[in-house]
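Feature list (source: TrEMBL):
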type	residues	note
TRANSMEM	9-29	transmembrane segment
TRANSMEM	64-88	transmembrane segment
TRANSMEM	100-117	transmembrane segment
TRANSMEM	123-144	transmembrane segment
TRANSMEM	156-175	transmembrane segment
TRANSMEM	187-211	transmembrane segment
DOMAIN	253-385	domain 'GGDEF'
Amino acid sequence: MTLLMDSKAILLSLGIGYVFSLIMISAYWQDHIQASAVKIFFVSKCIQTAAWCLMILRGGIPSFLSVSVGNSAMLIGASLEVIALLTLLHELQPQTKRRYLVYTALGIIGFQLIILFDNQEKLRIAYCSVVIALLILPTCRIALGRNRSLLMRMMGSLYLLLFASTLIRGMIALLTDASTSYYKTGMYQLISLLALYLVSIMLNMGFVLLLKEQTNQELIRLASRDDLTGALNRRTFALQADQCLADHAKRGMPLSYLLFDIDWFKAINDTYGHDAGDHVLQDLASRIKRDLGRDDLFVRYGGDEFGLLLPGMDETASNEAAERIKKVLTGATIHGLPVTYSISIGVLTIVPDAGTQMESLYAFCDKALYTAKRNGRNGVFRGRFAEQGAISS
């Protein structure tokens with residue numbers, strides 16, 4: 001009996017502890033970009049804590065509260081926790097949220113039917129275990145997806161462990177005579193409650209760290225992107241371009257660089273206003289980003305001047321890319337504005353060496369761009385790097 005009471009004390013301390021922690025976290029993050037995820041997570045933990053409190057008081061309160069209400073609250077809390085995590089990771093679609101809520105409601109109804117028609121503890125354990133396992137299943141893919149941070153993979157692994165252990169508990173309860181109850185003193189009770197304690201603490205800490213990681217990534221994105229177009233800013237582009245040049249120099253691979261601006265952009269601003277000019281810049285950027293490869297670097301230098309670094313592209317491939325971009329933008333129109341525009345492009349292709357600098361590529365490609373403008377605009381002109389001779393067609 002002492003072991004049982006100690007287990008209850010652990011669960012009660014756990015619940016009270018992370019509720020107070022989440023109150024502080026909620027107060028700190030309420031004005032930050034991921035406030036909705038924090039609030040949902042906070043509510044989920046409050047509900048889960050209330051559920052554990054009801055279950056801990058089993059025997060001292062009506063069974064309706066400890067069994068029916070307690071387990072129903074646990075299902076709601078688990079569902080909201082998953083919704084909070086997927087919201088934080090921007091992976092929750094509106095229809096997915098609705099499905100979760102419907103599935104949770106059906107799970108609660110099913111549990112009440114078991115209590116009403118066949119109120120056996122092993123059936124209740126099996127049913128709740130399977131429902132909770134299915135609720136948390138989508139979180140397991142966090143460990144398996146591409147471009148996941150180490151923290152995200154750790155979180156996904158913990159949820160995968162929780163999914164497997166919950167499902168196994170349900171199967172044991174349903175298919176064997178072994179006791180899987182938290183209320184029966186024994187080694188299973190001790191191990192399972194201690195494991196639950198540790199996993200709960202790690203998941204709570206993991207959510208907070210993941211929230212911080214997501215916020216840091218958003219700050220990095222805001223600091224590295226042009227506000228108007230979403231293209232890389234000059235500083236970020238320079239850092240990434242230098243790394244790209246170094247990598248291609250080591251491997252002896254070609255890369256191409258496109259520098260372009262909008263023909264008669266000043267006339268667009270003067271005729272239709274700077275707001276129209278901003279819409280033109282946004283339209284250009286959105287059209288180009290649709291065609292970007294995974295490793296391509298797209299930068300806005302300022303005004304209407306943009307650059308595009310194309311790793312691995314030789315002259316033939318970069319010519320095709322430049323012509324494709326020019327064709328997409330020639331005569332491009334913007335909904336609601338009587339504006340069409342085109343661009344002039346300078347192109348440069350090199351196999352860099354250890355001494356190749358991005359500033360040199362820019363200088364020679366800039367000459368090619370202005371040659372394209374002198375040739376009548378709305379065109380492409382290929383330049384040559386200094387080591388390959390003077391600029392030529």
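Backbone N, Cα and C atoms are what each Cβ position is placed from, and that goes for glycine too.
Against the transmembrane segment (156-175), the recorded stretches 64-88, 100-117, 123-144 differ in Cβ pairs under 8 Å, and the greatest number is found for 123-144. For the domain 'GGDEF' (253-385), the model gives a mean pLDDT of 92.
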